[in-house]
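S.K.: Below are the features listed in TrEMBL for this protein:
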- 228-237: compositional bias 'Acidic residues' (COMPBIAS)
- 217-238: region 'Disordered' (REGION)
- 259-279: region 'Disordered' (REGION)
- 6-27: transmembrane segment (TRANSMEM)
- 39-59: transmembrane segment (TRANSMEM)
- 65-88: transmembrane segment (TRANSMEM)
- 100-120: transmembrane segment (TRANSMEM)
- 126-147: transmembrane segment (TRANSMEM)
- 159-181: transmembrane segment (TRANSMEM)
- 187-208: transmembrane segment (TRANSMEM)
Amino acid sequence: MADPSFLVGIVGNVISILVFASPIATFRRIVRSRSTEDFRWLPYVTTLLSTSLWTFYGLLKPGCLLVVTVNGAGAALEAAYVALYLVYAPRETKAKMAKVVVAVNVAFLAAVVAVALLALHGGARLFAVGLLCAALTVGMYAAPLGAMRTVVKTRSVEYMPFSLSFFLFLNGGVWSIYSLLVKDYFIGVPNAIGLVLGTAQLLLYLAYRKAPASKDDDEEAAAAASGDDGDDEEEEEGLTHLMGQQVEMAQRGRLRLHKGQSLPKPPPGGPLSSPRHGFGSIIKSLSATPVELHSVLYQHARFQPVKKDDDDVEAND
């Protein structure tokens, strides 16, 4: 009967390779657009260092062939991703990233290998390398936290691929089981943390999986809003036209009164000859006053009556 840890390790190899291969679609998009867009480079640099050190750890510890195979394949893929990102990154990002790659993936890795082989021996060597690998694995799982922050800010999962989050979840779960079977806590602790973070990413993806409104939808909404505004403007124009007709009729009545065509001329000294009872009072009684015009506005449902100051009313009078 096959060793259960070996079977779980085989499953872990398959899932881990799928995790390492999941950014292929992302880099196909980068190559096609010749731009790295808003994709982050730190996860690939971190994962390259982690897989390289785990390969070294598997070579140091007897019976860890599955650790060597999966991490060796992962290191090759991550090196290809880092190289492609360096090719298509903006000039400033490229310069900064190149410094980090040289310092971390070349100088630091070489220093760790040299110190482990020359200065440490036996269990101390394995402990130091295993502890460092566990810390970097936690960093690898935590690296997508930046993408999670972008998802919350933009309310879009465009820059957090579902496949990567899903396989990180599976990878953390399978290797956690493997670590319990082989009693290797350097493998178990970081992958248990990865299981928790992978679950958080899946929940975040479910919360923001619906893309924001498309440009066409925004244009249709804007057109609908402008259509409503157009209806309001038409109603306002119709009401203004009605008010204009009333004012025009009042002015015509005023002209006829001045010409003496509508009312007989009052006798001198009569009650209408005084300033209080002259033609101005008759015209005011027949024409549309500002108060009456405001009553038309008040009857219209979409407008509110405007209260004028006494000075304005006197000026209109």
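Glycine is treated like the rest: Cβ placed from N, Cα and C.
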S.K.: Could you give the residue numbers and ranges of same-chain residues that sit at least 6 residues beyond the transmembrane segment (187-208) on either side and whose C-beta is under 8 angstroms from one of its C-beta atoms?
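M.R.: For the transmembrane segment (187-208), the list is 67, 133-135, 137-138, 140-142, 144-145, 148, 151-152, 155-157, 160, 162, 165-166, 168-173, 175-176, 178-180.
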S.K.: Can you tell me which of 6-27, 39-59, 100-120, 126-147, 159-181 gets the most C-beta pairs within less than 8 Å of the transmembrane segment (65-88)?
M.R.: 39-59
